[in-house]
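Enquirer: Sharing a structure below in structure tokens format, with a few things to ask.
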Amino acid sequence: MVTCEAGIASVQQAIKDIADGNFVIVIDRESRENEGDLILAGEKVSAEKMAFLLSHTTGIVCASVTREQARVLDLPAMVQENQCAFKTAFTVSVDASSGITTGVSAADRTRTVQLLSDPTSISQSFVRPGHVFPLVSQPGGVVKRPGHTEASMDLMRLAGMYPCGIFAELVNADHSMMRQQQILDFAEQHGFTVITVDDLITYRWTFDSLVEHVSSARIPTKYGEFFIHVYKSIIDGTEHFALVKGDIREQESVPVRVHSECLTGDVLGSCRCDCGAQLDMAMRYIAEQGLGVIVYLRGQEGRGIGFGHKIQAYALQDLGYDTVEANLQLSFPIDAREYGVAAQILKDLRLTSVRLITHNPKKFFELQRLGIHILDRIVLPVIVSSENERYLRTKKDRMGHWLNFPVLNESEDEYETVERTSCC
């Protein structure tokens, strides 16, 4: 098993390699393209390195650029309607307007990349179309969009390079796509550092400051007085908050609940899920302890698919799909939530260690991976109703949640860790 520390060390080596003018390999997520790209700083390119890139990849040489670079260099989108599954932001392709022949040779493409990496280049420095494919990186990098374009741009920034990286997809001798073991063998043969997009995401959540504190105030609730601290994501502008009970600074073993926004459950009292009940019980528990934190993550409706799509999933569930099948039917991941914002908020609150209130193993292990020191897990009762029993069982059986309740035909008095409700 590759540890978080090993992943961070690999990213640190990759950053050094980029600064030194060496290739690195970035492997994509299995749920996306599931391939590896050779990446090099545009300003470090040479005809020899370009020839190596062309010899071991598809030969489609991409160059990451910022939105501002695309504007200044007059690089419009390749098409008006982007139908690519991953919304890869191709601009028109380019060649250097001088100093080349046909534009396709290693030397010619090197010249084009050198101009893309030159801050003095202007629109007239290029002709269109050409043999190098600029891709516009999303602001926020891999935290915003976990693609090779953003990975390339993040590596350039972290290495102190001009914001233009070149990359192409690795292929085997028969031009089939390299997969993980083939990529690792190739990297070992040539001495290249390999990282994953997720390694880079973890690195950025660990070392970059990606949330900012906005405001704080006292807030009286039915469970007593809390303090609310509002944070804003600098990636997408979403505002999240932490409800804090007691003086938690530098405290050990602080009860913490990381709660994803669920308007239907938290506000409307929907019985399709147990979200509202979990939030209510967490507030009550923390109030009784006199110490604790609830981090409330907004923008995570429907396990990260959005409010409108969650309601679509509800309609599919009424047709017989379970909560996992409904997401997949809508072409969404089973669980698209990420917890980097929560980790940064908890670090800003200066907790030393926490006891996490959760049944969700993904949340538990991801927060650990992001540097949160979790001592143990607090188990609160599961609220079961006729409306949410199948939902809860699906979370247990298909998503691996740590829920402990008996089969449907057992009598109610046999439930030990479950509370039943007549709701709905």
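The backbone N, Cα and C atoms fix where each Cβ goes, glycine too.
Residues or ranges marked as region 'DHBP synthase' in Swiss-Prot: 1-206. Under the heading D-ribulose 5-phosphate binding site, Swiss-Prot lists ARG32, GLU33, ASP37, ARG145, PRO146, GLY147, HIS148, THR149, GLU169. Per Swiss-Prot, the feature Mg(2+) 2 binding site maps to GLU33, HIS148; the stated evidence is sequence analysis. Feature annotation from Swiss-Prot assigns site 'Essential for DHBP synthase activity' to HIS131, GLU169; the stated evidence is sequence analysis. The feature region 'GTP cyclohydrolase II' is assigned by Swiss-Prot to 207-424. Here Swiss-Prot flags ARG257, VAL258, HIS259, SER260, GLU261, GLN278, GLU301, GLY302, ARG303, THR323, THR358, LYS363 as GTP binding site, drawing on sequence analysis. Among the features that Swiss-Prot reports, Zn(2+) binding site is placed at CYS262, CYS273, CYS275. Residues or ranges marked as active site, proton acceptor in Swiss-Prot: ASP335. Annotation comment: Swiss-Prot describes ARG337 as active site, nucleophile, evidence class sequence analysis.
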Enquirer: Which residues, same chain and not among CYS262, CYS273, CYS275, have a CB within 8 angstroms of the centroid of the CB atoms at the recorded Zn(2+) site?
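Expert: Going along the sequence, the neighbours appear as SER260, THR264, GLY265, ASP266, SER270, ARG272, ASP274, GLY276, GLN278.
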Enquirer: If one looks at the chain holding the residue listed as 'active site, proton acceptor', which residues at least 6 apart in sequence have a CB under 8 angstroms from its CB?
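Expert: The list for the residue listed as 'active site, proton acceptor' reads ARG303, GLY304, LYS362, MET399, given in order along the sequence.
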Enquirer: Around ARG257 (GTP binding site), how many other CB atoms lie within 10 A of its CB?
Expert: 23
Enquirer: Look at the binding-site residues ASP37, GLU169, GLU301 and tell me which residue has the greatest number of other C-beta atoms within 10 angstroms of its C-beta.
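Expert: Top count of Cβ atoms within 10 Å goes to ASP37.
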Enquirer: Tell me which of the recorded positions HIS131, HIS148, HIS259, ARG337 sits in the most Cβ-dense spot, judged by other Cβ atoms within 10 Å.
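Expert: Buried the deepest by this measure is HIS148.
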Enquirer: Among the binding-site residues listed here (ASP37, HIS148, ARG257, HIS259), which has the Cα closest to the Cα of CYS273 (Zn(2+) binding site)?
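Expert: Considering only the listed binding-site residues, the nearest one is HIS259.
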Enquirer: Rank aside, I only need the closest one: which of the recorded positions HIS131, ARG257, GLU261, CYS262, ARG337 has its C-alpha nearest to that of PRO146 (D-ribulose 5-phosphate binding site)?
Expert: ARG337
